[in-house]
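What follows is a short report on a single structure.
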């Protein structure tokens, strides 16, 4: 039985893209993946994630990735962007005729459920799916490692801005320093619609065009 798991990384980040990943895998491999430590990527060290990334690639039928960059995220509702990415992955995985497609739920996911049904699969759209289902944990790891690699490349160009999340003091200080030097130009790696910018870099802040 083929299963597909879908999850994202970087949804709440202030810097860099959101990465949505899908993994198609034979259910016979789930026990093995669980035994070697495949679980929610947030509970793993970077070294462990990178090791498991290679194992997941080896044992999966397919990996599908969709990236959403700050300009897109600043222009639309984040849930809608996430759903669109998930639907794109669902369509790309339909060739494998998955029995069940499991998605870590974000808001009202009825559109995602409909698309899963449209490819003749059973939808399993649940909160905390990345903790409960190995195939979603695998997708979480893929998304996280891919995003981490993108962040590392960005740091080579823009300097060490920490994790890129608004709760990271290093990220906040990097934004403040950048703002002190160039208050009228926000780098394209920054999500300008994040409200923290109203306090730390007000000229960078923009309201989303859809009002969200």
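Every residue gets a Cβ built from N, Cα and C, even glycine.
Here Swiss-Prot has 7, 8 binding divalent metal cation, and the candidate from 40, 74, 104, 148 in that same listed site is 104. Listed in chain order, the residues near the divalent metal cation site other than 7, 8, 104 are 6, 9, 11, 20, 21, 103, 106, 129, 130, 136, 139, 140, 143, each with its Cβ within 8 Å of the site Cβ centroid.
The C-beta environment of residue 7 (divalent metal cation binding site), restricted to residues of the same chain at least 6 apart in sequence and closer than 8 Å, consists of 20, 21, 103, 104, 129, 130, 136, 137, 139, 140, 143. Within 10 Å of the C-beta of residue 104 (divalent metal cation binding site) there are 26 other C-beta atoms, taking all protein chains into account.
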